[in-house]
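Annotated in TrEMBL:
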type	residues	note
BINDING	123-130, 205-209, 269-272	GTP binding site
DOMAIN	290-303	domain 'SRP54-type proteins GTP-binding'
Amino acid sequence: MGFFDLFKRKDKKKKEKYKMGLHKTREGALSTLKDILSKSNQIDEDLFDELEEIFIMADIGVDTVIDFIDKLKNEVKTKGITNPVDLQEMIMDEMFEIYLNGEIVNANLNLKKEGLSVVLFVGVNGVGKTTSIAKIAYQYKKMGKKVLLAAGDTFRAGAVAQLDVWANRVGVDIVVKPDGSDPSAVMYDAVKKAKAEGYDLLLCDTAGRLQNKVNLMNELAKMKRVIQKEIPDAPHETLLVIDATTGQNGMSQAKAFKEATDVSGVILTKLDGTSKGGIVLAIRHELGIPIKYIGLGEGVEDLEIFDIEQYLYGLFADFFEE
């Protein structure tokens, strides 16, 4: 079944949310795509060059775009496609395959069915890490889970207070220490409390320092050791938070953090505020890291579990309109 048939069956409310959230990318870099395909007389190198330029402008990433265009050319040749309009569905199919890369990609957090699960959040300052933690805490609290936050970003002035405010706002507990405290001491207290008081989920903030990668690696490794003394298989997820509006700078951050620690997934914030929404595909294809959540607005309900099918619909909604 192709994408056009698949999307007729998709949840309408969620489709609209993704469509609205990705409108800047769709109306920016991708705005000419449907027009170019409908007005082209044939599928040739000039058309592929135009497509390549459009997708690079959408921040899909040069390496990803080159690979994608090669696959598209092979598919066109294999199937004997001659009408450029037929490329619409083919583009979506190939992007879907590039994202999956032959794997079953699960965007849900890899949490334990019973007992305490621990999630570590990493990322530079200003990307929306604190608010992402709060939104995830809110979502799991709504599911009936007992959630605890650990304010481990003790180096940035005001970071602990900011997370404390959010904890109160969404109604979950938090472990804090004064600014400048050892983050590992925060983790120690938080894990002890979480185990003793029967929490289901511990969400841990960390300092967003990338200037010195060795220090960052050592700091994160120390935090993990402290956590693992109490819970050997933790953390169950290490989520990297990236601001989608930073484009290729976000890719650089992802590469650096991947080298510094084991990143299991990415939270892409502010996707609704950028015309460069193609970064989703670049992160997945070039770094092999799945996207777990995307930010499609500022409300606590607007951090969405990532859905590749809905995402592609949001990018290419114009294809579905007569």
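Just so it is clear, glycine is given a Cβ too, placed from its N, Cα and C backbone atoms.
Mean pLDDT, taken over the domain 'SRP54-type proteins GTP-binding' (290-303), works out to 94 on the 0 to 100 scale. Leu271 (GTP binding site) falls within a helical segment according to DSSP. Comparing Cβ neighbour counts within 10 Å across the binding-site residues Gly123, Gly126, the minimum falls on Gly126. Note on Arg209 (GTP binding site): other Cβ atoms within 10 Å of its Cβ, all shown chains, come to 15. Across the range of the domain 'SRP54-type proteins GTP-binding' (290-303), the DSSP-based residue counts are 0 helix, 6 strand, 8 coil. The C-beta environment of Thr206 (GTP binding site), restricted to residues of the same chain at least 6 apart in sequence and closer than 8 Å, consists of Leu120, Phe121, Val122, Gly152, Asp153, Pro183, Glu219, Leu220, Met223.
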